[in-house]
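Everything below concerns the one structure shown next.
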Amino acid sequence: SCKVPFNECKYGADECCKGYVCSKRDGWCKYHIN
């Protein structure tokens with residue numbers, strides 16, 4: 001299952017639900033605006 005915002009993530013954007021990206025700086029999923 002994908003991770004929602006503020007869940008910790010370690011790898012790529014694939015971890016985060018659609019529309020979110022893994023912020024390597026902060027270490028969690030964040031909303032991404034294209």
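Even glycines carry a Cβ here, placed using N, Cα and C.
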Swiss-Prot annotation, disulfide partner of C2 among C9, C17: C17
Near the Cβ of C29 (disulfide bond), how many other Cβ atoms are there if near means within 10 Å? 23
Tell me the Cβ neighbour count for C17 (disulfide bond), meaning other Cβ atoms within 10 Å of its Cβ, over all protein chains shown. 13
